[in-house]
Amino acid sequence: MNPYVLATLLSSLGLGTTLTFASSHWLLAWMGLEINTLAIIPLMTQHHHPRAVEAATKYFLTQATAAALILFASTTNTWLTGTWYINDMSNSFAITMIIAALALKIGLAPMHFWMPEVMQGLDLLTGLILSTWQKLAPFALLVQVAPAIDPLLLTAFGLASTLVGGWGGLNQTQLRKILAYSSIAHMGWMVIILQYAPHLTLLALLTYIFMTSAAFLTLKSMSATKIGALATTWSKNPVLVTTAALVLLSLGGLPPLTGFMPKLLVLQELAKQNLPLTATIMALAALLSLYFYLRLCYAMTLTIAPNTLNSMTPWRAQVAQISLPLALSTTMALGLLPMAPTILTLIS
């Protein structure tokens with residue numbers, strides 16, 4: 001892709017998200033979401049592959065549906081209350097529509113069906129943008145309207161997403177689909193605590209972005225898109241495979257890695273709010289996700305592909321990828337747990 005076009009599209013992505021962050025008016029927020037959607041579609045179709053075009057079409061249709069719902073709901077709310085302010089949502093019908101639309105935008109269950117299919121048609125870097133950056137603007141709106149939402153609705157979305165994200169990833173062999181289901185499960189963890197402790201939602205979102213970035217960039221440097229391809233990676237780059245396995249375990253929420261911090265704090269907050277059953281179901285659902293992360297770790301570190309020399313092959317071409325983002329995101333994904341008290345103090 002032409003670097004000027006790429007720079008324009010990436011700056012448009014930044015502009016759309018920033019516009020939604022900064023707006024207290026529904027029309028401006030809607031415009032930011034639309035700029036975001038329109039900027040990522042050329043990035044999705046840059047390889048001119050039928051799967052990429054199909055993924056971009058599916059993404060456009062779902063995001064356009066969600067944007068239309070947001071516009072309709074905000075207009076309805078304005079018509080009934082006389083205000084466009086995001087914080088001033090008082091009509092229950094409009095609030096329900098807004099939540100459904102935002103759930104569709106970020107891929108919460110049961111509006112998640114587009115996410116694995118779209119992710120499968122994209123290259124790993126565009127998939128990374130879709131899994132991380134594209135979640136920020138809808139989440140900003142969700143945080144603003146959260147006080148007006150029925151807690152039962154958010155709890156239902158959270159439980160459904162963690163369960164669907166866990167069950168859906170069990171039978172997959174494609175790494176991008178596994179990461180899509182991982183994204184759905186993590187969204188459930190963020191949404192379920194949104195009304196009780198918004199700062200924990202922010203913490204979970206930040207740690208999710210670090211861990212997912214590390215996972216995607218590692219797979220990109222390995223050029224792996226299927227579980228079978230992971231079996232040959234140990235002999236090529238043992239250090240990278242070791243850190244990749246730890247990143248996946250961090251995504252699963254195992255101590256002493258970063259991913260344990262948001263899960264522990266969310267479960268602790270749910271217990272404080274007298275929701276022990278919800279906390280138990282969330283913890284058990286996390287085990288489902290942990291199973292497929294362990295599957296990936298097993299494929300990477302404990303299996304060797306047939307006819308592969310178990311030694312470094314010096315004639316293999318070097319990967320032309322900047323390693324600094326991978327190093328930074330991996331460090332964040334593995335080592336933030338000891339700083340948990342400091343981080344909590346900063347965000348709460």
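For all residues, glycine too, the Cβ spot is worked out from N, Cα and C.
Keep in mind that this is a model prediction, so the values were computed, not measured.
These come from TrEMBL:
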type	residues	note
DOMAIN	23-288	domain 'NADH:quinone oxidoreductase/Mrp antiporter transmembrane'
DOMAIN	290-344	domain 'NADH dehydrogenase subunit 2 C-terminal'
TRANSMEM	66-86	transmembrane segment
TRANSMEM	92-113	transmembrane segment
TRANSMEM	152-171	transmembrane segment
TRANSMEM	178-196	transmembrane segment
TRANSMEM	202-219	transmembrane segment
TRANSMEM	239-261	transmembrane segment
TRANSMEM	281-305	transmembrane segment
TRANSMEM	326-347	transmembrane segment
Stretch in 152-171, 178-196, 202-219, 326-347 most in contact with the transmembrane segment (281-305), if contact is a CB pair under 8 A = 152-171
If you count Cβ pairs under 8 Å, which stretch among 92-113, 152-171, 202-219, 239-261, 326-347 touches the transmembrane segment (178-196) the most?
-> 152-171
Give the one range among 92-113, 152-171, 202-219, 326-347 whose Cβ atoms make the most pairs under 8 Å with those of the transmembrane segment (239-261).
-> 326-347
For the transmembrane segment (326-347), what are the same-chain contacts with Cβ under 8 Å, counting residues 6+ beyond its ends?
-> 199, 202-203, 207, 210-211, 213-215, 217-218, 221, 243, 246-247, 250-251, 255-261, 265
